[in-house]
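For A:HIS55, A:HIS103, A:ASP192, A:HIS196, the entry in TrEMBL reads Mn(2+) binding site. If you look up TrEMBL, you'll see A:30-111 marked as domain 'Manganese/iron superoxide dismutase N-terminal'. Per TrEMBL, the feature domain 'Manganese/iron superoxide dismutase C-terminal' maps to A:121-224.
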Amino acid sequence: MAIRSLASRRTLAGLKETSSRLLGLRSIQTFTLPDLPYDYSALEPAISGEIMQIHHQKHHQAYVTNYNNALEQLDQAVNKGDASTVVKLQSAIKFNGGGHVNHSIFWKNLAPVKEGGGEPPKGALGGAIDTHFGSLEGLVKKMSAEGAALQGSGWVWLGLDKELKTLVVDTTANQDPLVTKGGSLVPLVGIDVWEHAYYLQYKNVRPEYLKNVWKVINWKYASEVYEKECK
Amino acid sequence: SIIKEMAASSAVTADYVLKPPPYSLDALEPFMSRQTLEFHWGKHHRAYVDNLKKQVLGSDLEGKTLDHIILNTYNNGDLLPAFNNAAQAWNHEFFWESMKPGGGGKPSGELLALLERDFTSYEKFYDEFNAAAATQFGAGWAWLAYADNKLKVMKTPNAVNPLVLGSFPLLTIDVWEHAYYLDFQNRRPDYIKTFMNNLVSWEAVSSRLHAAKAASSSSA
């Protein structure tokens, strides 16, 4: 996830930084849209290049922009001690910050077939999936069913419960990150089931999108996260 | 109760029927494409109706009217299973009838007077309605509604509608992404403006307002 100050604000940030330090205040870190590690069309035919481009350049970018705006407003409200504005901003931060967090994970959850997309997980994660869900097919069936049944917008997740040391399948509404369902949950694989994730290609047939997305799921990344969190 | 009277007197009577819009599927072009209507009405709305029928079969909701199911499954927000299909069936029929070919623009007469009374000006109403539709996060609807003798703008998530919130719906715009994605992709604000400028049926809104006032006064 690329985190760096917005270029156009570098000079202003410098002045702000000085005066902030004089006043004993922090300056905030803003966010930028992470690059995709593959071309927009690289996930075809599972996900069209048209969808990938709009999803990344329009939807994710909007979350980043709006998150930065909310953070700026939050910073000012915190510095002024304006508690009710701080609280009022929480939903904008959850929506847009959540959108940025979730989509940043999503792009890493996907990979072109020629870079391992769709290849089943091996090693520790593969074993854990078999233990908890019987087989990869069992996990896929469960996640696809829960994703299809989700009303409105949201995500379906495979997560690791760090405390209980189990794998869990869960859904979140809108852009709520998985951690909102449990403080010890670590997202391994998230599948976006907002209509913008599939509509141009699959229209109303969300189950068809869910059937095909598994062909480009990057289990190598999920395994890395799993092994790191299990240490 | 007044809510039951409001629901009963509303123009939507779809009791598990997929009613076609009061215009052909290409009649709203170029503002809303035929392709959108084919999917939105022909697939999404149809599925809510078909799934509702299957869902209530053999249950104590079988044979009940649509508005009865909606009011009884809302359960103060802790939604019972049939709510989504029932409310979405209702919402979509209400939505088609909120639009017409050659619609949009400023209303006149009594409706304009009331908008000016309750929003200061039509422009202020327009801005407030647009903002509600643009800021309903995720899936949902924006509404012009009537309650306590006043017009107000509301926004609701997913399938929720003003009926379950004690208000009489007068106008709605669907802001689920499936409503605008084929024509506008991510550009929801453009879709909302197009709806307001070119699609709203103020005749439908006026007749719903008359029904709302009649229902209110008969329950006073």
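Any Cβ shown, glycine's included, is placed from N, Cα and C.
Keep in mind that TrEMBL annotations are predicted by a computer and have not been checked by a curator.
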Filtered binding-site residues - A:HIS103, A:ASP192, A:HIS196 - keeping only those with Cβ under 8 Å from chain B: A:HIS196
Shell of the Mn(2+) site beyond A:HIS55, A:HIS103, A:ASP192, A:HIS196, same chain only (C-beta within 8 angstroms of their C-beta centre): A:HIS56, A:HIS59, A:HIS60, A:PHE106, A:TRP194, A:ALA197
Quick check on the binding-site residues: of A:HIS103, A:HIS196, whose CB has the lowest count of neighbouring CB atoms inside 10 Å? A:HIS196
Across every protein chain in view, the count of C-beta atoms other than its own within 10 A of the C-beta of A:ASP192 (Mn(2+) binding site) is 25
Reduced to three states, what secondary structure does DSSP give A:HIS196 (Mn(2+) binding site)? helix
